[in-house]
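Comments concern the structure below.
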Amino acid sequence: MRPSKRAAQDLRPVTLERNVARYAEGSCLVKFGGTHVLCTASLEDKPPPWLRGQGRGWVTAEYAMLPRATHTRTRRESMSGKPSGRTQEIQRLIGRSLRAVTNLPALGERQITLDCDVLQADGGTRTAAITGAWVALHDCCKWMHGRSIIKEFPLREHVAAVSCGIYQGEAVLDLDYEEDSVAQTDANFVMTGGGALVEVQASAEGAVFSEDELSVLLALAKGGIAQLVNIQKLAIG
């Protein structure tokens, strides 16, 4: 039995609240159960220096956790001078996931930065961030398109992400911290609305896992991401 009493294939309650940041071109407060992430999209009217003159734009991401997002206070990474390896890995993952469904030439020579700040962490912060950041990016693109800054809407399709794992010998979807901290296998899946894979991260924590078990996790993720995409569609109207 899962601590939350959920069935193996059940997501936590998920909400996507748009337009929560007054000044950002797009914003979304995403909640996966007790994990809450604020995602904002900011438009810059220039691309990164290495992309100038190439006629296309860029989508990138930054990720951070507030000091009391966790049970005990965590020192701000900005105080140490640079982001941790974990933070760099997550923000690169978010950026890759969003670029996978974005027509970058349609942006022109512009950059959109997604800032994903974890307000409260209860497992699955990176998957929640990707799912919410897509909504913020969508609204930023809509803002640009509505003002004729761009001629073509640049988002090709949805992208969302979810965690899966093997907890007490059972494959389960969308682990919270209590499950994740003792899971035998931990995996994150990023997929498009059409069901194509963007990224798969899977690690043996307490015991190795088989190809068959990975297939079960993938099937759970497909079902979960289909639900998340439907929630995104309802959120954007």
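Note: Cβ is positioned from N, Cα and C throughout, glycine not excepted.
Swiss-Prot has this to say about the protein:
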{"type": "BINDING", "residues": "Arg86, Gly124, Thr125, Arg126", "note": "phosphate binding site"}
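Feature map: Swiss-Prot annotations on the structure.
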| residue | record | Cβ neighbours (10 Å) |
| --- | --- | --- |
| Arg86 | phosphate binding site | 12 |
| Gly124 | phosphate binding site | 26 |
| Thr125 | phosphate binding site | 23 |
| Arg126 | phosphate binding site | 24 |
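Close to the recorded phosphate site, the chain also has Tyr63, Ile90, Val118, Ala121, Gly123, Thr127, Ala128, Ala129, Asn188: residues not among Arg86, Gly124, Thr125, Arg126 whose Cβ is within 8 Å of the site's Cβ mean position. According to DSSP, Arg126 (phosphate binding site) is assigned to a helical segment.
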